[in-house]
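Structure, as structure tokens:
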Amino acid sequence: MRATVLGAGSWGTALASLLAGKGYTVTSWDKDAAVLDDIARNHRNERYLPGLQLPPTLHASGEVAKALEGAELVVLAVPSHAVRPVVIEAKRHVHAGTPIVCVAKGIELDTLMTMTEVVEDVLPVPLHPYLAVLSGPSFAKEVAKGLPTAVTVAARWERIAKQVQDAFHTKTFRPYTSGDVVGCEVGGCVKNVVAIAAGISDGMGFGANAMAALVTRGLAEITRLAVRKGANPLTLSGLAGLGDLVLTCSSDLSRNRTVGRGLAAGKTADAIQRELGQVAEGVRNARSARELAKRLGVDMPITEAIYRVLYEGLAPREAVTALMMRETKPEL
């Protein structure tokens with residue numbers, strides 16, 4: 001099989017490495033020439049996955065047309081804000097019958113579309129049925145190291161979900177299939193906002209009780225939004241919902257949790273992301289998820305609080321107080 005991964009960041013490189021490790025011929029594309037040169041010459045990506053050797057069947061190209069030539073599987077692994085321009089550039093070189101796996105997590109700010117909705121907005125209608133989402137508790141570094149991981153692959157066509165599942169399945173990477181694209185996407189992007197809240201809680205020393213409450217109530221508001229968009233609520237109890245949320249809220253590898261800890265220490269989100277050297281999607285998604293919730297009439301108090309901390313200068317401690325002092329209500 002020939003596969004193309006658009007995006008050579010940590011997640012794109014980890015998935016490209018996984019596919020190449022199965023013996024597939026894989027080409028990574030990116031706009032960062034230095035990263036591509038490192039992959040091509042040294043079979044490494046020291047910027048995003050330092051110290052890890054990449055398979056020799058992983059190649060690199062900075063030309064979209066060349067990278068997609070003969071591709072039987074396309075993985076879209078760019079940051080959420082880059083999905084639309086990259087798909088616009090790539091669409092002439094992708095053909096019907098080729099599965100397109102979107103692993104970007106986000107809600108586009110201007111349109112409030114999920115990533116697959118953005119892709120469908122750009123691609124010709126005959127390509128829409130071949131679109132799939134891969135999401136779940138999966139840090140790139142651990143996947144690249146071959147540590148056991150389970151994820152969800154969602155597609156509207158069961159045949160496409162199964163095809164993508166088979167392409168990615170290894171002895172250390174286990175995909176489950178689903179038909180709930182919306183649920184997987186909403187779970188995958190809004191959990192990053194809740195993870196910022198978890199980082200704030202941890203950074204301010206609020207303890208295990210607060211963390212458990214944040215994860216539980218965070219899942220509740222994620223589920224409300226997903227269901228309003230047509231998702232199956234059970235999806236949010238699975239890998240692409242609860243699984244991804246728990247991982248992102250609890251691990252030091254989480255960039256979004258790191259942002260929250262930095263905010264608790266008095267840093268700005270911009271300064272924290274410069275230190276990280278990578279995108280923390282929850283910063284953008286706090287704004288777009290809030291706007292989507294307002295449009296759909298969904299109550300999302302944690303998302304609202306994080307938005308106010310990031311964009312209105314609300315002190316983290318005041319945000320916690322505001323959440324705790326909301327009008328009392330039944331849990332369910």
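We number each residue from 1, going along the chain as drawn.
Placed from the backbone N, Cα and C atoms, the Cβ positions cover glycine too.
Quick caveat, the model's predicted, so the values are computed rather than measured.
The NADPH site recorded in Swiss-Prot comprises S10, W11, K31, K105, R255, V279, E281 together with one of A67, A140, A220, namely A140. Considering only the binding-site residues G136, S138, D244, S254, N256, W11 (NADPH binding site) has S138 as its nearest partner by CA-CA distance. Our reading of the sn-glycerol 3-phosphate binding annotation (K105, G136, S138, K191, D244, S254, R255, N256) yields a largest Cα to Cα distance of 16 angstrom.
If you take the CA of D244 (sn-glycerol 3-phosphate binding site) and look 10 A around it, you hit none of the binding-site residues from K31, K105, V279.
Taken residue by residue with DSSP, S10 (NADPH binding site) is part of a helix.
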